[in-house]
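Beneath this line is the structure, given in structure tokens, with notes to follow.
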Amino acid sequence: MSNLFKGSPYRRRRDLESGSRSADLDRDLDDYESSSPFNITSTKNASVERLRRWRQAALVLNASRRFRYTLDLKKEEEKKQILRKIRAHAQAIRAAYLFKEAGLRVNGTTDPQKTSGGDFAVSQEQLTTVTRDHNITALQELGGVKGLAEALKTSPEKGILGDDSDLVKRKNVFGSNTYPQKKGRSFWMFLWEAWQDLTLIILMVAAAASLALGIKTEGIKEGWYDGVSIAFAVLLVIVVTAISDYRQSLQFQNLNEEKRNIHLEVIRGGRRVEVSIYDIVVGDVIPLNIGDQVPADGILITGHSLSIDESSMTGESKIVHKSTSEPFLMSGCKVADGSGTMLVTGVGINTEWGLLMASISEDTGEETPLQVRLNGVATFIGIVGLSVAVLVLVVLMIRYFTGHTKNPDGSIQFKAGRTSVSAAVDGAIKIFTVAVTIVVVAVPEGLPLAVTLTLAYSMRKMMRDKALVRRLSACETMGSATTICSDKTGTLTLNEMTVVDAYVGGQKLDPPDNKARLSGVLSSLLIQGVAQNTNGSVFVPEGAGDVEVSGSPTEKAILVWGLKLGMDFDAVRSQSTLVHVFPFNSEKKRGGVALQSVIAESQVYIHWKGAAEIVLACCSRYSDASGEVVPMDEDKALFFKNAIEDMAARSLRCVAIAYRPYEEKVPADEQQLMQWKLPEDDLILLAIVGIKDPCRPGVRDAIQLCQNAGVKVRMVTGDNLQTAKAIALECGILGSDADAVEPNLIEGRIFRAYSDEQREEIAEKISVMGRSSPNDKLLLVQALRKRGHVVAVTGDGTNDAPALHEADIGLSMGIQGTEVAKESSDIIILDDNFASVVKVVRWGRSVYANIQKFIQFQLTVNVAALIINVVAAISSGDVPLNAVQLLWVNLIMDTLGALALATEPPTDHLMHRPPVGRREPLITNIMWRNLLIQASYQVSVLLVLNFQGKRLLSLQHDNADHANKVKNTIIFNAFVLCQIFNEFNARKPDEKNVFRGVTKNRLFIGIVAMTLILQVVIIEFIGKFTSTVKLNWKHWLLSVGIAFVSWPLAIVGKLIPVPKTPLHEFFTRKFYRHGRH
């Protein structure tokens, strides 16, 4: 099924998209397209200069509205300057404090301590002095970390009590972990921005002039209608536009709040609890692991190889190692390596990060490729519309001032020397107003904003489908994804792990927690390795509550197994001290600790835990059932290898636990200890465990859906290749054992050994990559992208960040993902479920499909309205659709049309076709066919009515003025009803049944109903303002009949085949071939 769309044009133009055309022509077309400022296939890493180019090339009537949701390049530069100032400010304070401190030491005086901390023995000022100024002397004067913890009424091991009264007290004294945010724009700001449209301003000026002249010539009773009706129509457009834009901005604000609300673990009352970053208080004890964000200012309590990336605060991309001599941690920084615990000493506005966040407003603007392309489309249409408007203006003015424009009764409107100046000016203003209104209709300002509308709608709905969009562009790019490189653990599997097999003491334990078969020595060493070599923890509540185990799913599974073997977690940890830690590393696939016995300080053990075959390869001995250390002969090594393969074939994750005594002297100096590499040879094997992590329910169906949609799913995992193969077969990534051969199934080390060219060739075929490192994942992404794929990648670890950044769409995991991974990603999958990734693909395709629906609808209105007015103006000097009517059509077409069509929910039909190529034309041949058929029909019928309407409608015997108004009213009514009926056609550009699923979109039905009701009100009740007259039931039936024909016409039209070569490409080829000759 994965080859279903092998020949389909869904990849980049450099391979399959180019089809059979010559390389020279392909290069010419690429050069032609790349020269266009609107041809940006990805805005993810686009340069500022490239972004500035398309803005300057766009034809824009209202810049503040058009560019509202794009990146504000000026503000971005200002933000960088503020950032530099605050960093310099913080460093200046620190330097001044050190200078002052040095002066006090020389004079033999000390700085008086401030103590106004309420119930606490330390004040906020003192804490700020210690942390923000990195003042180690002040920290020592407070008694170091222990003394500071006592002053803050907290325990370095168990944290604060964490009850409500304690939290309130701490927030009152030291503040909360929030900062004042700049308020979002009010509704009045959006109203003001909607006013900025140049054409609307011109129309208001024209309305004012028309009002003044009307009152002067016809008196106040009759003369105010024309001016006021135009002004009211303009105001209606402005208000509806502002309401729509304001609602969008509120949705974006809510999503930004969600993005900032990080959840993390803190230690309170001896147990690990998950809290929001906003709920952290001074005195909290927070565990830090690789990839975490430091959530507040603080002091290091304990750290093991802890390295912090402080570039977000200092501006220098330097990794800083933290220790007792350099214990200060700054909010907003990232843990680059190692682990540790910190004591919170400053939150919110009392941190440098808080100052920084309060000083800059987060600019949510970010253009998407579709938005840029639509600006190109809008610019092209705008230029055509502007040209038409100028043509109409010139023709009507010439006809008017040369006496060729007549009143309905046949009298000439302008007679040189006889017509008064005010009448002449009034006539000229009416002509000018029509021309300006044509510009309003012709320049589709709402077209690029329709992307924002559909993205805002999709993002809100995607939140319900457990996907949080961090970058707008990813939402639409996902619709073009041709391959998804997915993690195994937690994404394809449930991440609910249990130890189901165990080999301990050289034999298989059945059941795996059968402790009766273990000797005391072996059991003691094994439990020590489980309890000490872990990032997890065990909390035993007082009384009879259940034991709480925390940590990663793998850690939890092993800790639970250890508890079943009789482990007393706290007691075991108190019997030895951690000397050094080598945190688990996804490159080496293992982690280790050096332990020193509390009783016998000379006794040092080094424990290792990691990927079974890798740890086994480091073992030269093993511990037998009696606890004796026995050399590992070939037979025993083969026994363990077979055990690993057997477990892996049953899709179990295999983890080995080993140790070795260390007789040499442990480095005493902290600096030497940080650089000490734990010995990893000559290890003694203690145990190999098999951990079951079942496939997620429904994942097989989700993968099948992707394959049907032309999206290849590849598994990239750090697990054993056999485990990966078993899971891949179970979830449908591999069809059968026959598919499980190289290069479909490959190990990371083999893949990375190939040359760049070989990797590109093999990447196409890879379905499963086992024992891969994060760098292997990055190499795979790069190779696939060079082959022309649009790549989505899932990742949860810090080391996944480069691959997430490199991919077209980076998908991080919301539960297991680190903050570094989340910040490098474009979309966060909140439930870590692969099925949610597939939903994102559906939404991505829906965004593109909805925009195309809106384009088809809007262009049909544009083409029809322009042709009708131009032909009528040139031939008769009169236009059937006046300014007020055109403004109403503009409202239906622009704001209301976008709301109705851009909010269509995704359908299953979207997943039965190949991905949309990123260079495929926005207006497809199918759309051109639909558009031209409907526009031609509307133009033909309405022009016939315009020129022969009086005869066809039997109005020859009516008063000439009334007959003309009836004819024009029917034209206007039929035209608007045609758009309402055509709105249904636009829902399904390539399906015959345009009503399928219409009841699911209540907004669509509501807008259509509202438009219909308003049209009836306009015709029947406020004709004075719109220059229309009431219609009888026959005229209404005629109008509805004309509009109704558009439905069967659409069905007939869809039977007409269209060529596969895009229309613009056909003309481009002709142009280049002609240019060559």
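Cβ coordinates are placed from backbone N, Cα and C, and glycine is handled just like the others.
Annotations in TrEMBL come from automatic prediction, not curation.
Remember, it's a predicted structure, so these values are computed and weren't measured experimentally.
For 14-26, the entry in TrEMBL reads compositional bias 'Basic and acidic residues'.
Regional average pLDDT for the domain 'Cation-transporting P-type ATPase N-terminal' (141-215) in the model is 84. Annotated domain 'Cation-transporting P-type ATPase N-terminal' per TrEMBL: 141-215, in sequence order.
Summarising the annotation, TrEMBL assigns region 'Disordered' to 1-28.
The annotation transmembrane segment is assigned in TrEMBL to 190-215 (among others).
Same-chain neighbours of the transmembrane segment (227-246): 65, 68, 187, 190-191, 193-195, 200, 203-204, 206-212, 214, 433, 446, 449, 453, 883-884, 887-888, 890-891, 894-896, 898-899, 1024-1027, counting only residues six or more beyond its ends whose CB sits under 8 Å from a CB of the stretch. The transmembrane segment feature in TrEMBL is assigned to 227-246 (among others).
Per TrEMBL, transmembrane segment is recorded for 377-401 (among others).
The annotation transmembrane segment is assigned in TrEMBL to 431-457 (among others). If you look at the transmembrane segment (431-457), the same-chain residues 6 or more away from its ends with a CB under 8 A from one of its CBs are 59-62, 65-66, 68-69, 197, 199-200, 202-203, 206-207, 210, 230, 241, 244-245, 248, 251-252, 368, 370-371, 374-375, 377-378, 381-382, 384-386, 388-390, 392-393, 396-397, 400, 469, 472, 475-476, 846-847, 850-851, 854-855, 858, 861-862, 865-866, 869, 873, 879, 882-883, 886-887, 889-890, 893-895, 897-899, 902-903.
Taken from TrEMBL, the feature transmembrane segment applies to 1003-1023 (among others).
According to TrEMBL, the feature transmembrane segment maps to 1035-1056 (among others).
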Tertiary contacts of the transmembrane segment (1035-1056), as residues 6+ beyond its ends and Cβ separation under 8 Å: 929-930, 933-934, 937-938, 941, 953, 966, 969-970, 973-974, 977-978, 980-982, 984-985, 990-992, 994
Helix-strand-coil residue split for the domain 'Cation-transporting P-type ATPase N-terminal' (141-215), DSSP-based: 47 helix, 3 strand, 25 coil
